[in-house]
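Right, one structure below, let's go through it.
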Amino acid sequence: MNIFRLLLATLLVSLCFLTAYSHLAEEKPKDDRSLRSNSSVNLLDFPSVSIVALNKKSKKISRKEAEKKRSSKKKASMKNVARPRPPPPTPCVATRNSCKSPAPACCDPCASCQCRFFRSACTCRVLSPRC
């Protein structure tokens, strides 16, 4: 019985090695001419790169420019936030209240009516707080 188990174990191991070997990718050796002609990347196509050392003044100027850009972005975002919102319609539904199809629109301009469970439970929800 032990010889039979040993034979089965060696058969199993050999099958494992055969399956692993069959899944390995085969690489065919290519000559240098075919590699040169088939290569899609040509080193002459790329421009040369020059490395320039920065002095302290240029570093300070670039920091100042970066701060100016940051401040201008903050000012622009402040302008976008300050825009007036349209007034809500007179008969409107508050946020998180029921808004079935015969009900009027939501009061918040950023909110929309979302329905669940085959339109049996509908509520006004704000989708994006940055509206």
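Backbone N, Cα and C define each Cβ position, glycine as well.
These figures come from a predicted structure and were not determined experimentally.
According to Swiss-Prot, the protein has these features:
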DISULFID  CYS92-CYS107  disulfide bond
DISULFID  CYS99-CYS113  disulfide bond
DISULFID  CYS106-CYS124  disulfide bond
DISULFID  CYS110-CYS131  disulfide bond
DISULFID  CYS115-CYS122  disulfide bond
DOMAIN    92-131  domain 'Agouti'
CARBOHYD  ASN38  N-linked glycosylation site
REGION    57-93  region 'Disordered'
SIGNAL    1-22  signal peptide
Within 10 Å of its Cβ, which one of these disulfide-bonded residues (CYS99, CYS107, CYS110, CYS113, CYS122) has the largest number of other Cβ atoms?
CYS99
What is the one among the disulfide-bonded residues CYS92, CYS106, CYS115, CYS124 whose Cβ has the most other Cβ atoms less than or equal to 10 Å away?
CYS106
Restricting the comparison to the disulfide-bonded residues CYS92, CYS99, CYS122, CYS124, which residue's C-alpha is spatially nearest the C-alpha of CYS110 (disulfide bond)?
CYS124
Cα of CYS113 (disulfide bond) to Cα of CYS107 (disulfide bond), in Å and rounded, measures 11
For CYS107 (disulfide bond), which of the listed disulfide-bonded residues (CYS99, CYS115, CYS122, CYS124) have their CA atom within 10 A of its CA?
CYS124
